[in-house]
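Asks: Quick one: this structure, given as structure tokens, is what I'll be asking you about.
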Amino acid sequence: MAEDDLYTKDGTVDCRGNPAKKNETGTWRACPYILGNECCERLAYYGMSSNLVLFFKHRLGQHNATASKNVSDWSGTCYITPLIGAFFADAYLGRFWTIACFSIIYVLGMTLLTLSASIPGLKPTCHGKESCHATGTQSSVVFLALYLIALGTGGIKPCVSSYGADQFDDTDEVEKKHKASFFNWFYFSINIGALIASSVLVWVQDNVGWGWGFGIPAVTMAIAAVSFFSGSRLYRNQKPGGSPLTRLCQVLVASFKKYKVEVPEDKSLLYECKDTESAIEGSRKLGHTSDLVFFDKAAVERESDYKRGSVDPWRLCTVTQVEELKAIIRLLPIWATGIIFSSVYGQMSTLFVLQGETMNTYVGHSTFQIPPASLGIFDTLSVIFWVPVYDRIIVPVARKFTGHKNGLTQLQRMGIGLLISIFAMLSAGILELVRLRYVKRHNSYDLEEIPMSIFWQVPQYFIIGCAEVFTFIGQLEFFYEQAPDAMRSLCSALALTTLALGNYLSSLLVTIVTRISTKNGKPGWIPTNLNRGHTDYFFWLLAVLSVLNLGAYILIAKWYTYKKPVGTLR
């Protein structure tokens with residue numbers, strides 16, 4: 001075998017930029033280090049964030065609505081910053097070095113957060129377990145640490161799943177089949193980390209202290225970075241293709257400059273590289289699609305498009321470049337329908353926790369208390385249950401009926417998740433309705449914990465976990481597969497922004513309903529004492545929005561046009 005045959009033909013390189021040998025790198029042999037990194041990073045993230053609403057409430061002295069809003073705002077930022085990380089990954093650094101650099105920022109943020117809860121002078125002054133006062137400086141240090149973490153996670157989130165998928169070659173049928181399984185097991189590893197965070201770390205925070213509760217996640221994040229670097233010699237790395245935003249802008253500018261130009265009926269006349277490879281580094285050519293034809297004008301060749309014998313990229317673009325823009329535009333409506341789902345998902349770290357705090361948190365007649373945020377463990381257990389069921393049972397059975405290699409298409413999978421999420425909000429709303437009726441019947445408005453077991457919350461957590469397996473994993477795979485090759489980090493980041501906007505939407509809805517429902521001295525839907533409020537109304541509101549969102553999704557998915565890659569990866 002010639003030495004050249006050992007190398008992939010897709011432009012993959014090692015972390016030093018040398019060609020990656022296909023028989024020595026990638027596939028499942030590289031994935032344990034990536035999955036280990038993700039498991040530890042998610043343990044650190046959820047270990048720090050799951051109980052954050054109670055940290056704000058009891059340690060920083062914030063009102064329920066304020067604490068809920070601040071958690072939603074911060075969580076939203078954690079899913080906006082991936083746009084920054086994705087840009088650097090796709091344009092300049094590549095996914096390996098982006099993950100490496102931002103992991104350091106992440107560790108610094110976790111360390112500062114630990115110090116803010118451990119060192120006298122930085123941690124709030126407390127008299128008793130819940131009577132604490134935080135100065136402006138102390139609160140500022142906490143938020144500085146949290147937003148450093150938000151920046152750090154922004155470089156990791158959009159890259160890790162795509163980086164894992166990069167280890168499988170699209171031109172190899174066996175590897176391509178394994179890639180579909182990778183996304184399921186990637187999400188499985190996320191929830192193994194979340195399981196430990198929701199059970200062990202939340203208990204540590206409530207019973208040992210916030211210093212240890214934040215310190216353990218900080219150490220775990222350092223382990224995540226070590227795990228990632230340990231697999232360096234096994235990774236396949238896609239070359240960055242240059243600024244994706246520049247390429248998109250070039251198509252927009254060129255098409256508007258030629259708005260009067262007629263697009264030829266024979267689309268083979270449109271401008272494209274004559275080589276078998278795309279002009280974009282590390283990207284396959286994309287075949288022409290018949291929708292959004294206005295942008296085809298950018299690929300209509302004219303003499304004025306050349307300067308001194310060279311193509312002016314702001315006047316003439318290749319078909320592949322035009323199709324990149326089309327692919328992004330087609331993704332946007334599907335992307336938008338994920339926002340409501342993310343609002344539903346976000347309730348687990350805000351209103352579900354506050355709802356659980358008002359219920360009986362003791363296990364039977366023992367003195368052992370369940371931290372309200374620990375109920376998130378049932379969401380995690382649900383995911384851990386449904387991932388193998390989906391991968392090993394649902395996919396083979398569905399494949400027999402649909403003939404599709406993955407059993408269900410990614411769009412069908414996401415739609416089923418949106419449907420299931422409606423029942424999560426109905427479950428939460430019904431529980432709150434029953435709880436409030438008990439409060440009214442027994443005049444228990446000022447009782448801190450009513451005698452209803454917190455385990456009545458399990459169904460709503462379990463249902464959301466099931467919905468995640470369908471929607472979030474389907475979303476991961478869909479945005480990776482439908483993204484142009486040189487924009488995969490950007491599109492993964494785009495998918496994550498639905499979580500950001502979902503949190504921001506939840507924050508906005510809380511602000512609006514609080515302002516409206518507290519008029520004339522009323523306690524409002526979400527007061528400090530939930531026994532005097534109507535949190536069930538908020539859950540009904542999200543259920544109605546979810547129904548409307550599902551209807552819009554069905555219409556959008558019906559008309560979606562899949563991208564058409566041609567040739568092989570460079």
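For all residues, glycine too, the Cβ spot is worked out from N, Cα and C.
According to TrEMBL, the feature transmembrane segment maps to 96-115, 185-204, 210-229, 331-354, 374-395, 416-438, 458-480, 492-517, 537-556.
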Asks: Out of 96-115, 210-229, 331-354, 458-480, 537-556, which stretch has the largest tally of CB pairs under 8 angstroms to the transmembrane segment (492-517)?
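Replies: Checked against 96-115, 210-229, 331-354, 458-480, 537-556; highest Cβ contact count belongs to 331-354.
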Asks: So which of 331-354, 374-395, 416-438, 537-556 has the most C-beta pairs under 8 Å when paired with the transmembrane segment (458-480)?
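Replies: Per the Cβ count, the answer is 374-395.
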Asks: Who are the long-range neighbours of the transmembrane segment (331-354) in its own chain, taking Cβ under 8 Å and residues 6 or more past its ends?
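Replies: 49-54, 64, 68, 71-72, 75, 372-373, 375-376, 379, 411, 414, 417-418, 421, 424-425, 428, 457, 460-461, 464, 467-468, 471, 475, 478-479, 482-483, 491, 494-495, 497-503, 505-506, 509, 526, 530, 535, 538-539, 542, 545-546, 549, 552-553, 556-557, 560.
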Asks: Could you give the residue numbers and ranges of same-chain residues that sit at least 6 residues beyond the transmembrane segment (537-556) on either side and whose C-beta is under 8 angstroms from one of its C-beta atoms?
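Replies: Contacts with the transmembrane segment (537-556): 333-334, 337, 339-341, 343-344, 347, 351, 414-415, 418-419, 421-422, 425-426, 428-429, 432, 509-510, 513, 517, 525-526.
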Asks: Same chain only, please: residues at least 6 beyond the ends of the transmembrane segment (416-438) with a C-beta under 8 Å from a C-beta of the stretch. Say none if there are none.
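Replies: Long-range Cβ neighbours of the transmembrane segment (416-438): 337, 341, 344-345, 347, 351-352, 355, 358-359, 408, 444, 450, 452, 456-457, 459-460, 463-464, 466-472, 474, 531, 534-536, 539-540, 542-543, 546-547, 549-550, 553.
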Asks: Top stretch among 96-115, 210-229, 374-395 for CB pairs under 8 A with the transmembrane segment (185-204)?
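Replies: The stretch with the most contacts is 374-395.
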